[in-house]
Amino acid sequence: MLRGTAAGGTLRLVGIEASKVVEEARRRHNLSKTATAALGRTMAASALLAVVLGKRTDSRVTVRVDGGGPVGWIVAEGSTDGRLRGYVRQPEADLPPRESDGKLDVRGIVGTDGELAVTRLLDNGEPYTGSVRLQSGEIAEDVSRYLGASEQIPNAVLLGVYEEGGRVANAGGLLIQAMPGVTDETLAKLEANIAAMGMLTDQLRNGGLLGAMQQAAAGLDLQLATDAQPAHFSCRCSREKAIDSLKFFGAEERQEMIDEGGQEVLCHWCSEKYHLTPEEIAALDEGEARAEA
């Protein structure tokens, strides 16, 4: 992840190169090509939003997209330190490329009959969720609308995922925020630069994330921050949390799990499977009995 300013500090740029992260998500969830693009865009967006909206160095933002399309809902979590994770409801859902231009039909698989919701922590530690109705279904335009409508942040958002040979070759995102004092001339130059960039994935392939940011801020005196953060797939699940999740089941249900030789718990975020032994499940009952004594 790279951050910077341009035009004398009146533009703020945040970028993420997430090719390895999205490939890891594709592999873990066995995602179809179009589902990979939809989730990858959402994951990149979550990291960018964490930087723009977060108040701490370890702030997290969760983005949920539910447009009623074949892929079902999409959920992604990103943090300011580059940790990302995410999943979709129907990982195998896919659509043929669009007939008009041959590109992946992300809008079709996501749908537009629903909303994009963003959850973050306020200064007091309480979670806050804002949302907008989906209009594009392409993710980037909807994230941009969210920032403008719910957060009153003038912005431009670019997101992209490109697969080659069944693997993610390029994935990432770029968010540009207009700060107080920005001039119409600067905005016009920025708009022209973005229009000339073409596909973000082409920029990432040819010049990397730095090249993409330089292209977006061409002629606007880009100044990069020195606190670059590598992006990586990271899930907070653990065996201990898997065991704790069984506390929501009654004693009879847990006894059935013990009688059947244990229980498998699946983490939806990363598809990690935990096979819990009868002894681990029985220990829950013993712990509850001691607590009640």
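Note that Cβ sites are derived from N, Cα and C of the backbone, with glycine treated the same way.
Database features, via Swiss-Prot:
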DISULFID  Cys235-Cys237  disulfide bond
DISULFID  Cys267-Cys270  disulfide bond
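Put simply, Cys267 (disulfide bond) is 9 Å from Cys235 (disulfide bond) when counted between their Cα atoms. Of the recorded residues, Cys270 (disulfide bond) and Cys237 (disulfide bond) place their C-alpha atoms 8 Å from one another. The two recorded residues, Cys237 (disulfide bond) and Cys267 (disulfide bond), have Cα atoms 7 Å apart. Reduced to three states, the DSSP call for Cys237 (disulfide bond) is coil. Cys267 (disulfide bond) falls within neither a helix nor a strand when secondary structure is assigned with DSSP, and so counts as coil.
Within 10 Å of the C-beta atom of Cys237 (disulfide bond) sit 18 other C-beta atoms, taking all shown protein chains into account.
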